[in-house]
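Notes to accompany the following structure.
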Amino acid sequence: MTRQLILASQSPRRKELLDLLQIPYSIVTSNAEEKLIRNFSPAENVKWLAEQKVRAVAEQYPDAVVLGADTIVYYDGAYLGKPKDAEDAERMLSMLSGQTHSVLTGVCIKDGERCETFFEETEVSFWPLEEKEISAYIATGEPFDKAGSYGIQGKGALFVKQIKGDYYTVVGLPISKTMRMLKTFDLHSF
């Protein structure tokens with residue numbers, strides 16, 4: 001019997017990355033509230049958020065293996081989520097200009113009573129950015145559905161001076177470690 005894998009995410013980037021594994025899956029969007037816990041560390045928060053997404057979907061599909069993830073950008077004690085508007089995106093990108101920040105992605109996989117979570121953290125350093133670069137980037141519309149207001153897999157890559165860690169963690173799903181974890185759930189393509 002083929003086991004059903006569900007991706008508890010509407011992120012097109014997570015879908016593209018999961019497609020690389022060539023494991024059949026379906027998508028069910030989680031209705032879990034994405035609220036950070038004040039006294040949690042960034043790592044604890046990102047794992048907790050991923051688990052909340054998974055548990056919300058697993059309640060509806062108790063016989064499936066459910067995979068969920070959440071990504072946060074963390075800089076100077078602040079969480080940088082998806083921007084509310086162009087002004088918020090400009091504020092975030094100006095803050096990250098010429099600086100190094102952390103991107104953390106938490107992953108949760110649940111099968112019945114078994115629930116495994118992990119996170120990966122990557123440091124991203126930006127070049128110093130000019131106001132006109134930031135404005136032009138915001139005008140593309142790319143920042144608006146991304147934590148930290150940039151997509152490393154798109155035009156936002158032009159701002160990146162270097163990364164330390166897994167590139168796919170920044171995109172939204174550390175795919176290599178995710179594949180290895182799915183293997184422990186007996187889900188793999190090779």
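Note: Cβ is positioned from N, Cα and C throughout, glycine not excepted.
As the structure is a computational prediction, the values presented were derived from the model and not from experiment.
Taken verbatim from Swiss-Prot:
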SITE      ARG13  site 'Important for substrate specificity'
ACT_SITE  ASP70  active site, proton acceptor
SITE      THR71  site 'Important for substrate specificity'
SITE      GLN153  site 'Important for substrate specificity'
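Ranking the recorded sites THR71, GLN153 by how many other Cβ atoms lie within 10 angstroms of each Cβ puts GLN153 at the bottom. For the pair formed by ARG13 (site 'Important for substrate specificity') and GLN153 (site 'Important for substrate specificity'), distance between Cα atoms is given as 9 Å, rounded to the nearest Å. Note: the Cα of GLN153 (site 'Important for substrate specificity') and the Cα of ASP70 (active site, proton acceptor) are spaced 17 Å from each other. The DSSP secondary structure for the residue listed as 'active site, proton acceptor' is strand.
Annotation for ASP70 (active site, proton acceptor): spatial neighbours GLU34, VAL46, LEU49, ALA50, LYS53, THR105, GLY106, criterion Cβ-Cβ under 8 Å with sequence separation of six or more.
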